[in-house]
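Participant: In case it's useful when we look at the structure, here is the feature table from TrEMBL:
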REGION    A:1-20  region 'Disordered'
COMPBIAS  A:1-12  compositional bias 'Low complexity'
DOMAIN    A:23-86  domain 'Transcription factor CBF/NF-Y/archaeal histone'
REGION    A:110-136  region 'Disordered'
Amino acid sequence: MSTRSSETPSKSSKSDSNKEYDLPRANVFRIAKKSLPKEVLLVSDSKVAFSKAAVVFIMYLTAAAQDQASKNKRSTLMADDVLAAIDEIELSQYKEQLLETLKVFRKNQAEKKANRGQKKVQSKSDDTTEIESEPE
Amino acid sequence: MEPNEHAEEQSDVIIGDADATNKEQKDGEDGVKTYADLPLARVKRIMKSDADVKLISQEAVILVAKAAECLIEHLASEAFKHTQSDNRKTLQYKDLSATVKSSEVFDFLEEIIPERTQFATALSKQNK
């Protein structure tokens, strides 16, 4: 059986396919297993395929997101670009999870910011008896 | 499908181990929390392999990582349908290649997960 190593570039012609980029096999494997029943086994061929697929997907999505950023004349890739790109590549089914992740991230960032504010108040007065707490 | 979502401060993501993923978000700690089960630094590096990409916001990296996770899960569950229809318990490469072939949405994976031909078939094609 002839198998060719996939040195072929991904669909995006912009990506540099000469360098090797990969993701930790264990993580990819764990993610794949999550959506499969416990007793299902994965052979090493398929594990490799999952890993490569994920890498190529990242490049593909990034290129699409970069297009979005360019359209909006921005040089920084933002969350909105990724979300718009997801629609472009017809994988809007992922959007719900993505929006949820974004929500959690932004909430945590806001909390961290609030905590930093609290800590500043604490450090100003060494004998802290009162801590200003800002309810969300 | 409930991914383990916890905050991640650093771009050098420390992948949550079993303990970390079960922790509730804790305040006051510089908590090691993960938003996706893939290392963000690695994801970012792959994103930057594109020469056109200059700056990437942290949010964008997280979303791409999360999307990649979704993709893997999506591929796995679709491929598994082929495994099941063949009465197997082992997900083989051919289940993935069949999945990629059967759905337009996976066209970008056609060259990565191509259908494999028998050596004899390929050889005879070559000799023609």
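Placed from the backbone N, Cα and C atoms, the Cβ positions cover glycine too.
Whatever TrEMBL says is automated annotation, not expert-curated.
Since this is a predicted model, take the numbers as computed values, not measurements.
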Participant: Could you break down the residues of the domain 'Transcription factor CBF/NF-Y/archaeal histone' (A:23-86) into DSSP helix, strand and coil, giving a count for each?
Facilitator: 46 helix, 4 strand, 14 coil
Participant: Check the domain 'Transcription factor CBF/NF-Y/archaeal histone' (A:23-86) for me and report the mean pLDDT.
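Facilitator: Computed over the domain 'Transcription factor CBF/NF-Y/archaeal histone' (A:23-86), the mean pLDDT is 95 on the 0 to 100 scale.
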